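As structure tokens, the structure follows; a few thoughts come after it.
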Amino acid sequence: MNQPESANDPEPLCAVCGQAHSLEENHFYSYPEEVDDDLICHICLQALLDPLDTPCGHTYCTLCLTNFLVEKDFCPMDRKPLVLQHCKKSSILVNKLLNKLLVTCPFREHCTQVLQRCDLEHHFQTSCKGASHYGLTKDRKRRSQDGCPDGCASLTATAPSPEVSAAATISLMTDEPGLDNPAYVSSAEDGQPAISPVDSGRSNRTRARPFERSTIRSRSFKKINRALSVLRRTKSGSAVANHADQGRENSENTTAPEVFPRLYHLIPDGEITSIKINRVDPSESLSIRLVGGSETPLVHIIIQHIYRDGVIARDGRLLPGDIILKVNGMDISNVPHNYAVRLLRQPCQVLWLTVMREQKFRSRNNGQAPDAYRPRDDSFHVILNKSSPEEQLGIKLVRKVDEPGVFIFNVLDGGVAYRHGQLEENDRVLAINGHDLRYGSPESAAHLIQASERRVHLVVSRQVRQRSPDIFQEAGWNSNGSWSPGPGERSNTPKPLHPTITCHEKVVNIQKDPGESLGMTVAGGASHREWDLPIYVISVEPGGVISRDGRIKTGDILLNVDGVELTEVSRSEAVALLKRTSSSIVLKALEVKEYEPQEDCSSPAALDSNHNMAPPSDWSPSWVMWLELPRCLYNCKDIVLRRNTAGSLGFCIVGGYEEYNGNKPFFIKSIVEGTPAYNDGRIRCGDILLAVNGRSTSGMIHACLARLLKELKGRITLTIVSWPGTFL
């Protein structure tokens, strides 16, 4: 009988506004005068609290807008596309106007005072008889802080509701503002992250006195516990996806295109993050394209494109350019392309991905994923000498979620650090040129390196490899929720071998009846889904003319039909030529054979390979197949860019001539949002840069091309060939 009564108990009074409301709601105030419409939030229809400005010119409460954008991706007023990271805190002037709004004391039976909104909390603590009557004075508040970290006069903590946004959860878990929006920087007055919508909605930014350090520390632990609770409830964003699915069911009769939540701001730049993807159908397509692999200068597996109707798009957290480091605990940070594809194609209802997003402001190096390590206390000194102040050291620096400091993510082949030979991946950088970085950031470390003239003095802590699996592997459960062998019961990830691809040209004369179909389906062609591809055979009909002949196979590239070249023609033109033939047809084709390395049939990799072999009807060309085509089949395009005001073209390149590895093409590894390359829209991750202003890049070393791109002014013409990534 007591439980229903306690469930109906009123919410505790808030020590900031004096009203009874839950932790997930904004403060309530009574305004004796009408508030100007420009100072009203058009989501809650109340005066603005902690206002955020959108790029389209509207202003909302931080808490209101954050919760709105969890399920939507547009501005509530004009429905223009909107993400939280593009919003900025309103100006100091707007905040001052809001703080000066007159409010009445809510305890009217004890106090009738009218005062400015920013003074109400101080009024409760010092001179309000009503606040003293209800226990909201300073002494009572201090005693109740352990029960209500946000200042509510309650002796019991209130758990956050499932509606708390995932963005708010991430904000509660860290005291470090994101790199994407410098406006979200916590101030000394706040004592907490400025981007935390729950806490910012629960406190006044202009309170007259700062918090005590012990109070801030206590609140931090409370925030972490609340954040973990919400993450368990939302199952890493699956609840959001379910809301989107329900919305689609309710809008089946509408003609508007489906819009999925844009939650990619939940993955921080420059940090290794694990996410959980749920699928009802274990074999449902991810609807993404992948490029990269250890056989290419890209090294990593990178998302090139995300289709709007797939699992990844519904999840909403990943972006093109994100690097996939692990798949269900299997390390793919340095494996061949097809090996990673096999792992990603393995059916599972729960897919764990460990990913990393490139930082917007970073040293332009590629990287590899660190393994699990056990730290040691010893350290050593490394002195690197640059040939010029502009030369890069050839290391990529990242932070870790579970450890403070700066870590080396990768040592780039051929760079200064690589030639020196002392630095290794996952080394912790303790200091640079005497500056302590034990609790520093990769950005500050990069700044110190760039500011060095010639000599860079690093203090580094070496760590030893720890033989331990991932958390979910150690627990003995696989991605389907069933028991799997422990680490001692099966071997570690084998080192995959690189496949070999050969091209063989052939001429085939086929006889058929005049009205008989050839029995094959072709794809590709000029402007084929934004990629200019050769015409290739995507399937052969069993029992048809081509199938009976047996010489033209799925995957063959058609070069010529009865003397007519098929290069640079559209698919419809190629189909018309194939249908025009009578009783005899001569096909010139390029047969592309891919030989996978022989593996032990009992190894996990071999089992995965056999399990995930796509049937012929589902065959699609892999990205590495396109790379092996002869140059005559390249459909190159010229892209003209102009530098922005910051002087950057906005893309990162890897590859080039190396003394020990020979000549390799230059690949586009990443593209920075808001730059000329990004705004042009035609450059993708995995594209090959063939020439700059007509000058071939073949045979260039990386430093030479980087210097050339940096020094060129005005119009810059890039000659690029773009191949579609492997579809999953």
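Cβ atoms are placed via backbone N, Cα and C, with glycine included.
What Swiss-Prot records for 41-79 is zinc finger. The feature region 'Disordered' is assigned by Swiss-Prot to 178-214, 475-494. As annotated by Swiss-Prot, motif 'NPXY motif' applies to 181-184. As annotated by Swiss-Prot, region 'Interaction with MAGEB18' applies to 186-244. Annotation source Swiss-Prot lists domain 'PDZ 1' at 274-359, citing sequence analysis. What Swiss-Prot lists as domain 'PDZ 2' is 381-464. Annotation comment: Swiss-Prot describes S441 as phosphoserine. Annotated domain 'PDZ 3' per Swiss-Prot: 507-593, in sequence order, evidence recorded as sequence analysis. Residues annotated as domain 'PDZ 4' in Swiss-Prot: 638-724.
Per-class residue totals from DSSP over the domain 'PDZ 4' (638-724), listed helix then strand then coil: 15 helix, 31 strand, 41 coil. Secondary structure of the domain 'PDZ 1' (274-359) per DSSP, as helix, strand and coil residue counts: 14 helix, 31 strand, 41 coil. In the predicted model, residues of the zinc finger (41-79) average a pLDDT of 87. In the three-state DSSP scheme, S441 (phosphoserine) falls into the coil class.
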